[in-house]
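In what follows, a single structure is set out as structure tokens and then discussed.
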């Protein structure tokens, strides 16, 4: 039993609350235990230069943490004048993950931007952003279809993400901050709802780990992502 009372394969209490923003075309407040991320989707009727002329659309993401989302106040990146390397890495991950959910040609020559803002952080902010960002994206695309802007929904598949790691030799999913900081191995797994991998990020802390542990962690993550898919479907029905 983990210190927070969960079993090794148990997710934290996951709540995906859709439609929380009055102005955004799609929105979702993703709560994974004490990690809370506000995800909004905005539609722009143009594409970035590298996509212009292809007839396809684009999905991208921005990520940020509120100053007091952590134990001690962080300076806003805007006040420092530039985004940090961690921020850039995470928002690129979110964008890659959510593009895997979309037929970009069916989207047409428009861009959907996901803004993922961490209100409170207790581990797994990037995976919460992807899981909640998918709901916000799906709502935005549904709205375009309902307004007849799109003839068909370009959403091709669901995408979700979860952290997984080795904690005292045990494979555990959805790590909180305390577990993440002491894990022997820490991974983030992004996958479609039918179990196809989109991205796997994994790091050994201290000593290498065998392939068998990698397989066990990926299997546990995919099982958890299957349950997250159900939460996403519930949110989109709500």
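Cβ atoms here come from the backbone N, Cα and C positions, even for glycine.
Pulled from Swiss-Prot, these are the features on record:
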- 86, 124, 125, 126: phosphate binding site (BINDING)
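What Swiss-Prot annotates, mapped onto the structure for a quick look.
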residue: 86; record: phosphate binding site; CB count, 10 Å: 11
residue: 124; record: phosphate binding site; CB count, 10 Å: 27
residue: 125; record: phosphate binding site; CB count, 10 Å: 26
residue: 126; record: phosphate binding site; CB count, 10 Å: 23
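Same-chain residues that are not part of 86, 124, 125, 126 yet have a Cβ within 8 Å of the Cβ center of the phosphate site turn out to be 63, 90, 118, 121, 123, 127, 128, 129.
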